[in-house]
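Undergrad: Annotations for this protein, taken from TrEMBL, read as follows:
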SIGNAL    1-20  signal peptide
BINDING   140, 143, 144  heme c binding site
């Protein structure tokens, strides 16, 4: 009986970190997926704003709504303590993210607000889309400049 208990305890001790690593890996993949949604849709809007592709109201509205949807996610579970670039490979998130709350939350709110403005503007006309790009790009870059490490 003692041997079975010891074996169980040992198995839990060995598996525990692996389970925790999987949870952190999953969180990192989730937030990177969110960032890829932003990047893809910002690319569509940015190309229209710069004039490298023709403005298409339906495509602009769809891209803006995708960004708005991604920005509205409750992302807290995607940012667990210990998922920074000093602790785990495969991420560029700086450890300062976890020490600057609530400032980091203000950046998230700025992104959400800018996404709302873009969603309202993008399908209207090119001028409205262009007018909303600055705030949206600024929301992205303010967080990335402060909290994203180099490759």
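Glycine residues also receive a Cβ, built from the backbone N, Cα and C atoms like all the rest.
Each of the listed features needs to be described in terms of its position in the shown structure.
TA: The number of other Cβ atoms within 10 Å of the Cβ belonging to residue 144 (heme c binding site), over all protein chains shown, comes to 13. DSSP gives residue 144 (heme c binding site) a helix state.
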